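Below is one structure, written out as structure tokens; comments come after it.
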Amino acid sequence: MSILTSDLLRPVNPSHRFDESVLLRYAAANVDGFPASPTGFSVSQFGHGQSNPTFLLEVESGPSLKKRYVLRKKPSGEILQSAHAVEREFQVLKALGDHTDVPVPKVFCLCTDASVIGTAFYIMEYLEGRIFLDLKLPDLSPNRRKAIYKETAKTLAAIHIVDVNSVGLEKFGHRENYCKRQIERWARQYLASTGESKPERYPKMLELIEWLRQHIPLDDSSEALGPCLVHGDFRIDNLLFHPNEDRVIGVLDWELSTLGNQMCDVAYSSLQYIVDIRLGDEKSYRGLEFTGIPEGFPSQAEYLAEYCSASGNASAGDLAKHAGKAGNALVDSAWEFIGRKTVLPNHPSPGQGALRNHQNESGIERINQYITQGSGKFVPSQKLDSAARARELLFDGMNHASLGKDSDLLGAGLSNLEYAYLCEIMGRSVWAPQVFNCGAPDTGNMEVLLRYGTKEQQKEWLVPLLEGHIRSGFAMTEPQVASSDATNIECSIAREGDNYIINGEKWWTSGAMDPRCRILIVMGKTDFTSAKHKQQSMILVDVTTPGVKIKAPLSVFGYDDAPHGHAEVSFENVCVPASNILLGEGRGFEIAQGRLGPGRLHHCMRLIGAAERGMQLMVERAHKRRVFGKSIAEQGSFLSDLAKCRIELEMTRLLVLEAADQMDRLGNKRAQGTVAMAKVAAPNMALKVLDRAIQVHGAAGVSSKTALAHLWATARTLRIADGPDEVHLGTIAKLELRQARFGGGNKFAHDKNTNMKIKGYIEEADYLQVNKLSESPLHILFLTHHPHMPSSPISP
Ligand SMILES: Cc1cc2nc3c(=O)[nH]c(=O)nc-3n(C[C@H](O)[C@H](O)[C@H](O)COP(=O)(O)OP(=O)(O)OC[C@H]3O[C@@H](n4cnc5c(N)ncnc54)[C@H](O)[C@@H]3O)c2cc1C
């Protein structure tokens with residue numbers, strides 16, 4: 001959410017009041033152009049950025065002449081040493097305003113005479129612009145989010161390339177031991193603000209101080225780093241953006257600025273990826289890499305690459321009451337961060353299904369506990385009468401992170417990548433996804449309701465679905481038309497007054513045979529005459545509505561796929577309220593795309609688990625069974641097949657994880673090529689591995705004595721369900737041709753990105769800046785350790 005500067009204004013806080021007539025006289029004498037005999041004068045206060053109280057002065061000199069100025073002063077009373085230094089703010093703003101292109105408000109005068117309004121203050125120009133208080137920029141389109149962050153990185157770079165010697169800031173601070181001094185100062189201030197009758201000290205903070213003292217960067221002097229102006233509090237809500245254009249018109253809050261190690265600014269401005277530092281009564285302080293990167297938002301690496309190529313609080317008002325808790329959460333985050341090997345999100349080690357992340361570890365552990373025994377066999381450790389507990393688990397297993405809602409109901413807020421690991425474990429069994437309420441089509445339908453449903457629709461259908469009280473179906477495919485091309489669909493959804501009337505035939509509506517199934521998402525056409533992809537809509541239909549007929553079950557290679565089952569369903573003059581439409585008429589394709597991306601990938605993730613199960617059963621059987629004097633495990637042909645299965649499985653797992661990661665970082669649309677590749681590769685790989693496992697089991701393999709036959713049957717359907725292989729191959733080929741045409745080689749979303757980064761580093765980046773970055777105090781060595789980058793992209 002952005003707000004205008006003027007929206008932040010409120011009456012002056014009584015504790016900050018001063019004598020306005022004295023100020024008026026002072027301003028008239030000291031501010032160029034300030035009206036000498038004003039006809040009106042009013043003062044109001046800004047409510048954001050409370051460190052130094054900031055006021056708007058409005059002076060009238062005649063009916064139509066109104067001038068606006070901003071006054072910033074120190075807080076009254078006892079304040080922490082070195083904080084609130086308005087004199088320093090004035091000095092840096094003046095130097096930058098007079099000599100550089102760094103966007104700052106013009107300053108007019110500095111008053112250090114406390115007799116005027118009680119404390120030192122300065123007066124500057126008033127800038128009307130937008131401030132983004134929510135770092136995720138939820139109200140902006142993906143393109144504008146990108147532009148805003150690009151501008152943010154460029155503005156930071158503009159500050160960092162200032163030559164302090166030539167703008168008169170060479171004595172603006174000590175050049176040596178910046179990090180050491182920071183640590184010592186914050187440590188002193190922490191000790192001074194806590195203990196005895198003050199907020200309790202957090203022991204981990206004391207340990208953290210010690211750790212930081214032991215790990216001061218070797219280059220902790222700005223001499224070694226060249227130009228070295230540091231803002232000290234550089235974050236997006238300290239930037240004022242033009243009211244309409246995506247450019248910065250003023251960098252605010254310079255009170256912590258000094259000379260020093262600029263990489264602290266860089267690290268601080270990237271903090272939102274790691275931790276959510278908004279002080280509030282939040283349950284979680286996890287940053288974007290945990291909660292999901294909004295579409296259009298650069299990844300941390302992209303943000304830093306942008307910076308590289310361009311750069312060749314004390315009194316917190318009402319918010320202060322949360323500061324203690326939030327501070328401790330920050331300390332915890334710092335420890336978690338210190339434990340990392342790289343700054344970028346941890347990538348799991350392939351093959352083991354273990355994501356090194358608390359959130360997921362607990363999910364993995366809980367799912368494993370529920371469905372495995374000590375022997376490692378995949379069997380329910382408890383009877384299904386504990387299904388209530390399973391439902392409880394599924395809350396944590398659901399993937400809602402990318403959807404950006406934070407209600408408790410919506411589960412643990414996992415990213416697609418994190419959820420992939422849980423899905424893999426569940427995929428080892430045909431029934432586990434149901435038990436954890438993470439099965440198709442329910443998860444896809446929940447995501448549709450969450451993304452596109454109204455509050456009322458969510459209340460009525462999403463909540464009982466999440467709680468596991470009801471089940472759902474998705475009715476798109478029709479028997480009479482080739483449904484892999486959804487423009488063929490013939491079901492009609494016709495508006496009549498306050499209702500829609502639905503008529504059509506559907507089949508393969510998974511979930512519809514389940515006696516608990518209560519809601520169907522039906523895709524049909526609301527307008528047979530409009531543009532090809534604007535004819536379709538989706539609508540919610542209660543299965544108990546008159547005219548809905550669950551006609552017959554469909555089996556898969558003889559399996560009924562109970563309890564959810566697949567059904568033929570007919571709709572005959574089914575009348576539902578107009579409010580049941582999802583998103584609006586003509587938006588069906590849009591919803592289908594939003595639903596199918598993650599849904600497809602969930603299938604792929606489960607297929608990895610199915611293949612792992614096949615490997616496990618194959619190996620166990622090969623050890624036990626003897627043929628012609630040797631165990632099968634000792635037969636050469638088996639060993640070679642086993643090894644090939646492992647290779648294919650690992651390649652596919654990496655592809656699936658890459659697709660999940662791209663969805664998190666780049667959004668579903670830009671990840672579509674990699675998702676399509678995963679969608680083709682995963683069922684084909686699983687079929688090969690399961691087929692090999694069936695072969696090793698002999699006749700037992702095709703029977704219902706093992707899970708292999710059912711797993712194979714399910715995997716085979718996934719070369720058709722959610723779109724046949726050919727459709728996905730078409731997508732991949734189209735993207736390949738498009739990339740080749742536009743000069744990108746065989747690069748999909750991610751590779752294109754990597755290309756840009758490499759180009760940025762090699763062609764544009766200032767080596768010094770990059771090297772400087774790689775020696776950051778927070779160990780920003782990710783440039784050489786990013787899992788997707790060559791090992792040393794920046795060395796000449
Ligand atoms: C187990 C299972 C569960 C399902 N669950 C659901 C569900 O819950 N809801 C729902 O609505 N549907 C569901 N489906 C249906 C599924 O989505 C469709 O079967 C699928 O979209 C294909 O449509 P179709 O069967 O009409 O095949 P068609 O569209 O008739 O395609 C037949 C074949 O034509 C070929 N083909 C298609 N396009 C191309 C192309 N571009 N180039 C070359 N060849 C091509 C492919 O070989 C394809 O297999 C399910 C299917 C199965 C098997």
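Even glycines carry a Cβ here, placed using N, Cα and C.
Under the heading domain 'Aminoglycoside phosphotransferase', TrEMBL lists 43-270.
The annotation domain 'Acyl-CoA dehydrogenase/oxidase N-terminal' is assigned in TrEMBL to 411-468.
Per DSSP, the domain 'Acyl-CoA oxidase/dehydrogenase middle' (473-574) is made up of 3 helix, 54 strand, 45 coil. What TrEMBL lists as domain 'Acyl-CoA oxidase/dehydrogenase middle' is 473-574.
The domain 'Acyl-CoA dehydrogenase/oxidase C-terminal' feature in TrEMBL is assigned to 586-734.
Recorded stretches compared: 43-270, 411-468, 473-574; the one with the most Cβ pairs under 8 Å to the domain 'Acyl-CoA dehydrogenase/oxidase C-terminal' (586-734) is 411-468. Secondary structure by DSSP for the domain 'Acyl-CoA dehydrogenase/oxidase C-terminal' (586-734): 121 helix, 4 strand, 24 coil.
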